[in-house]
Amino acid sequence: MMKGFLTPLLLTIVGLFPYLAFGSHNYGEALSKSFLFYEAQRSGYLPHGQRVQWRGNSGLNDGKASGVDLVGGYYDAGDNVKFGLPMAFTVTMMSWSIIEYGRQMSESGELGNAMDAVQWGTDYLLKAHPEPDVLYGEVGDGNTDHYCWQRPEDMTTSRAAYRIDPSRPGSDLAGETAAAMAAASIVFRNSNPAYAMELLNHAYQLFEFADKYRGKYDSSITVAQKYYRSVSGYADELLWAAAWLYKASNKQYYLNYLGDNGDALGGTGWSMTEFGWDVKYAGVQTLAAKFLMQGNAGNHAAIFEKYQEKAENFMCACLGKGNQNIHKSPGGLIFRQRWNNMQFVTSASFLATVYSDYLASARKSLKCSSGSVSPSELLEFAKSQVDYILGDNPRATSYMVGYGNNYPRQVHHRGSSIVSVKVDPTFVSCRGGYATWFSRKANDPNLLTGAIVGGPDAYDNFADQRDNYEQTEPATYNNAPLIGVLARLHGGQSEYSQLLQVDIPQPKPDPEQKVTPVPASDIAIEQRETTSWVLKGKTYYRYSVIVTNKSSKTLKNLKLSVSQLYGSLWGLSKYGDSYTFPAWLNSLQAGKSLEFVYIHTDNSPAVVSVSSYTLV
């Protein structure tokens, strides 16, 4: 059979039986490889634990000409530019994947790599936000960069830095970056509370900047227009940022913002058939539907029901059971556009996966124009898309580099297509790279393991050629939603309800790292349920907690961690993400106790533990 050519018979068979005898996939392997791709995309000084050895340090003077340190972050795709909008979206979606499926990642040993991937992005985003109303949104220039074909270690192209500020606004860029930092703050809340609070404070500032000084970022950073034009404008990012800030902070202000601005900013009016770095509405609607199902909408319930209706329209469109369905290839793949279509496949698959779990935990079904749809059918759709990516398709091609036996070997990617600087440090010039490496009709010298490339066309055809950038170029935002789906499929159903706040486990410590446990003998914690009642069909439980100083010394500077709490707590003071002595008490004498209480909606008690303390 000719490359990329399908017989009508095969098309018919695959269309009727999309799971035809391809077998199951190793989702855990695919998940592990996804994180290697992020290591290959790193800019800046590579860390000691770098696993992708063919990469070296790069972009070490980024920001210097502007008097700011912009070293680090990610290259977005196969080029050497750092574009802020897709980078921030990548961080948001990686964080959301961890928030929903961090426990599955932990069980497969990948949570540490996932959190490292997020932090490589957030460390850079923090640098890019040196003042409350200043945000650097691009380093490098796509035009000069695309004129050259050089590995990042050899770059001779412009590394100019471009920013937004009150006189040159960019609400979409600032809003997405606020969303990224808010989402990431949830990821680090347990393992690094100080870092989490730093991220959240930056998110607060960026949201205020985005909302106060409104404008499209590509009108201010015009060099981005050819590459990441903000077609949808900034209204969706304002809602998206508000949703994440509410999720991260639980502050009513951000919930009210979603309720008060849902109609004006289009969140309740647009039924979408795509979700990605530019258009966030479907993501906003999915989060708002979750808030509604959690019972958090309050007096905005009517507005949040409209959000949910639009979220469900998106899900039905994915399934082909709505009024405005998403086009699919004969092999069953979502098809949106010729250039990097896979970004829409992974993003839609993620939304379908989480919404399936939300519905299942709420014991609800999806209502489509063609009838009721079970949550499992929505998850099965997401699985079908992932399986297609991993090789269950008419070409039997895996579109994840390094997964399976038949995957792209001529990826449109400067670093992977040029011999490693560690193998041959000879300088590769701007145009010389095109002549020597880009035009080679041979496999890449470096394997870009885990990269999801642009993918096939509307008829499942694919040409593995380096100059076919529409199909063979990878991108960070292709993988970010996929890691959540892979973790979910690999880990199976969780013990917890997706509608409750997930307590993200801490990654397993490095064997060389010494962890000093809190001595259990010094402090005793006893919990008991004191009463329960039913209000409007929901059961509430009241718990009393007694904390006793069992040591012979005075207990001071006590910090308690309270997780899996789905309600309010009284009798302690909040300190960041921890709890401390109430305002009227600064120490606990030997043998003495203090009591606090909480009310929540789970019939299991919250998890109360000691984070730190001193004895004097």
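Just so you know, glycine gets a Cβ as well, placed from its N, Cα and C.
Noted in TrEMBL for the protein shown:
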SIGNAL    1-23  signal peptide
ACT_SITE  H412  active site
ACT_SITE  D464  active site
ACT_SITE  E473  active site
DOMAIN    523-601  domain 'Carbohydrate binding'
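Ranking the active-site residues H412, D464, E473 by how many other Cβ atoms lie within 10 angstroms of each Cβ puts D464 at the bottom. The CA atom of H412 (active site) is located 5 Å away from the CA atom of E473 (active site). For the pair D464 (active site) and E473 (active site), the C-alpha distance works out to 10 angstrom. Residue counts of the domain 'Carbohydrate binding' (523-601) by helix, strand and coil are 0 helix, 54 strand, 25 coil (DSSP-based).
Averaged across the domain 'Carbohydrate binding' (523-601), pLDDT in this predicted model comes to 81.
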